[in-house]
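Q: Pasting a structure here, questions to come.
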């Protein structure tokens with residue numbers, strides 16, 4: 001049976017999915033006679049962009065990024081702001097950190113204790129009563145202690161009066177600044193968590209408290225700081241290593257270029273280089289984790305868990321735990337096994353992958369400008385991300401300071417009500433709830449704009465998702481048009497028009513903005529549902545309802561499958577749009593029917609190639625990552641002058657690895673779109689033509705031959 005003959009069951013399936021393409025002597029690839037498609041969706045998309053710009057301008061007028069950059073004390077004043085009394089007081093200090101374990105921390109998004117700005121954190125244990133005893137002998141002790149008190153504090157007040165006025169903390173303990181806040185200076189001694197070599201301390205109220213309680217309190221505060229930066233040390237590391245990071249990223253770009261060039265000539269050999277390289281890099285990671293795990297067995301303190309040490313100002317402490325390296329080793333072992341199993345089960349399709357890689361290399365060789373297109377995508381995505389972040393920051397910092405009643409003891413019927421700190425002590429609330437505080441809570445307001453800020457946040461996120469998916473869709477459609485032009489050129493490169501990528505990009509923008517917006521809107525809606533689902537999961541993660549957890553897991557799985565299926569269909573729809581210029585729904589239907597009419601050939605499609613390209617990305621990122629690890633940890637004696645001593649070597653290391661992967665993804669995504677476009681055009685070619693002299697195939701003979709062999713084997717089975 002030759003390739004043009006079809007069994008009866010296949011013919012009936014094709015009737016269900018439309019008629020095959022017929023021969024058209026005038027068809028020479030992407031049509032030039034087009035009209036605008038999905039105009040209504042285009043208009044809605046443009047209106048949303050205009051609204052997005054207006055929202056950004058309004059947020060810029062009302063917002064104040066200083067509220068995100070500086071910590072705010074209980075009076076709503078910024079710590080460290082220039083031109084204010086707190087200019088030299090850059091750190092936020094909590095009077096009673098132990099109160100941050102209260103459930104009201106999550107309810108009010110604020111720790112129920114007085115907070116002031118200080119210039120430095122305490123360096124020793126000292127209670128207020130002990131300070132008073134020392135003050136009678138040496139007045140300088142008050143000068144040290146008053147740094148952590150209000151300006152109205154006096155050293156002669158009794159402890160009872162001090163608690164009533166809330167002028168000073170009852171006790172201080174060794175702390176270090178982290179995220180511009182004073183956190184306990186934790187350390188380990190003989191496997192035990194300590195602060196200043198102590199495991200217990202006096203709280204200033206006559207009680208003895210453990211270090212574990214302080215750790216829990218610090219963790220409670222940390223839940224409120226998840227949107228803050230990692231601190232000054234991270235920026236110091238970036239300032240020291242930025243040029244080395246750029247060098248690493250340039251090496252990744254050159255390496256990606258080299259791989260793409262080599263794929264055209266030695267695709268088979270390079271395939272096995274990918275396989276062996278990825279397995280080797282993961283194997284090295286397993287060996288390194290095992291070595292670190294073995295070495296740490298000699299240190300008693302390494303038996304602590306991440307939960308035991310809690311939040312740390314020195315993140316390197318986590319890498320001093322056996323648990324960290326053991327977990328990383330297990331993860332890498334699982335990845336290694338998955339890669340090896342996939343190679344075993346996909347071994348029969350390696351030939352298809354190699355041929356498709358060669359065909360993709362030829363196409364890119366004839367249209368080299370496609371390798372530059374990822375730079376445009378990167379620029380557009382960067383603009384979208386920056387605008388979204390800036391708008392979100394200005395929205396989050398819009399409004400005026402809002403103060404709320406906080407009862408440290410938790411026994412006040414007026415708790416969580418708004419208040420005015422200027423007159424709070426004279427109000428009925430202060431009389432009804434002795435010890436209650438009127439502390440800064442957040443920035444808000446009662447105007448119409450402030451009431452709709454949560455809605456604006458949702459709109460900001462949704463349009464952001466729509467825009468980034470549109471940018472990706474635009475790139476896929478433009479690349480598909482360029483590669484389709486290559487495929488349908490009978491004599492290459494003579495029949496390939498000049499500037500195919502520029503022409504395809506212009507067609508996509510001029511005629512098909514609405515169709516691309518339609519497809520990206522569907523993906524954005526699915527992603528919004530996923531985000532809402534994750535939000536609900538976060539709110540309900542402490543529930544013990546097994547049914548609820550099961551339903552959440554099922555919904556996650558369903559949305560993940562739906563998103564990937566829609567993305568696959570959208571890519572093929574964009575290819576059809578690039579070739580025929582029809583609207584999104586018609587193009588998606590045509591692409592789906594084409595794939596279903598050729599379901600046997602789809603069984604040997606380019607999915608294996610995607611896997612190979614993914615391994616190529618891992619190989620590039622892993623190779624640069626290993627080199628960066630050896631360099632930033634000063635284990636490369638070949639380079640005499642490396643980076644200076646770093647606070648956290650993993651900061652530039654992770655940046656280089658992530659950046660290298662994104663660069664490799666940008667280059668290899670062009671390859672992936674090329675392969676998918678060639679495959680769709682190949683299916684159309686088989687339906688339009690029969691290989692005769694009058695109707696010759698446009699596909700190359702090696703690719704045609706291997707697909708005919710695969711189809712024959714499938715039919716025989």
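Placement of Cβ uses the backbone N, Cα and C atoms for every residue, glycine included.
So Swiss-Prot lists the following for this protein:
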type     : residues : note
CARBOHYD : 88       : N-linked glycosylation site
CARBOHYD : 190      : N-linked glycosylation site
CARBOHYD : 314      : N-linked glycosylation site
REGION   : 1-24     : region 'Disordered'
TOPO_DOM : 1-38     : topological domain 'Cytoplasmic'
TOPO_DOM : 60-242   : topological domain 'Extracellular'
TOPO_DOM : 287-325  : topological domain 'Extracellular'
TOPO_DOM : 347-351  : topological domain 'Cytoplasmic'
TOPO_DOM : 396-460  : topological domain 'Cytoplasmic'
TOPO_DOM : 482-515  : topological domain 'Extracellular'
TOPO_DOM : 537-610  : topological domain 'Cytoplasmic'
TOPO_DOM : 632-649  : topological domain 'Extracellular'
TOPO_DOM : 671-717  : topological domain 'Cytoplasmic'
TRANSMEM : 39-59    : transmembrane segment
TRANSMEM : 243-263  : transmembrane segment
TRANSMEM : 266-286  : transmembrane segment
TRANSMEM : 326-346  : transmembrane segment
TRANSMEM : 352-372  : transmembrane segment
TRANSMEM : 375-395  : transmembrane segment
TRANSMEM : 461-481  : transmembrane segment
TRANSMEM : 516-536  : transmembrane segment
TRANSMEM : 611-631  : transmembrane segment
TRANSMEM : 650-670  : transmembrane segment
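What does the local environment look like for each feature on the list?
A: For residue 88 (N-linked glycosylation site), the same-chain residues lying six or more positions away in sequence with a CB closer than 8 A to its CB are 80, 119.
Confidence for the topological domain 'Extracellular' (287-325), expressed as mean pLDDT, is 70.
Broken down with DSSP, the topological domain 'Extracellular' (482-515) shows 21 helix, 0 strand, 13 coil.
Sequence-remote contacts of a segment are chain residues at least 6 beyond its ends whose Cβ falls under 8 Å from one of its Cβ atoms, and for the transmembrane segment (266-286) they are 259, 328-329, 332-333, 335-336, 339-340, 343, 350, 353-354, 357-358, 361, 612, 615-616, 618-619, 622-623, 625-626.
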Q: With CB pairs under 8 Å as the measure, which of the listed stretches 243-263, 352-372, 375-395, 516-536, 611-631 comes out on top against the transmembrane segment (461-481)?
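A: Of the candidates 243-263, 352-372, 375-395, 516-536, 611-631, 516-536 scores highest.
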Q: Could you name the stretch, out of 243-263, 375-395, 611-631, with the greatest number of CB pairs under 8 A to the transmembrane segment (39-59)?
A: 375-395
Q: Take a look at 516-536, 611-631, 650-670 and tell me which one has the most Cβ pairs under 8 Å to the transmembrane segment (375-395).
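A: By the under-8 Å Cβ criterion, the transmembrane segment (375-395) pairs most with 650-670.
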Q: Out of 243-263, 516-536, 611-631, which stretch has the largest tally of CB pairs under 8 angstroms to the transmembrane segment (352-372)?
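A: The stretch with the most contacts is 243-263.
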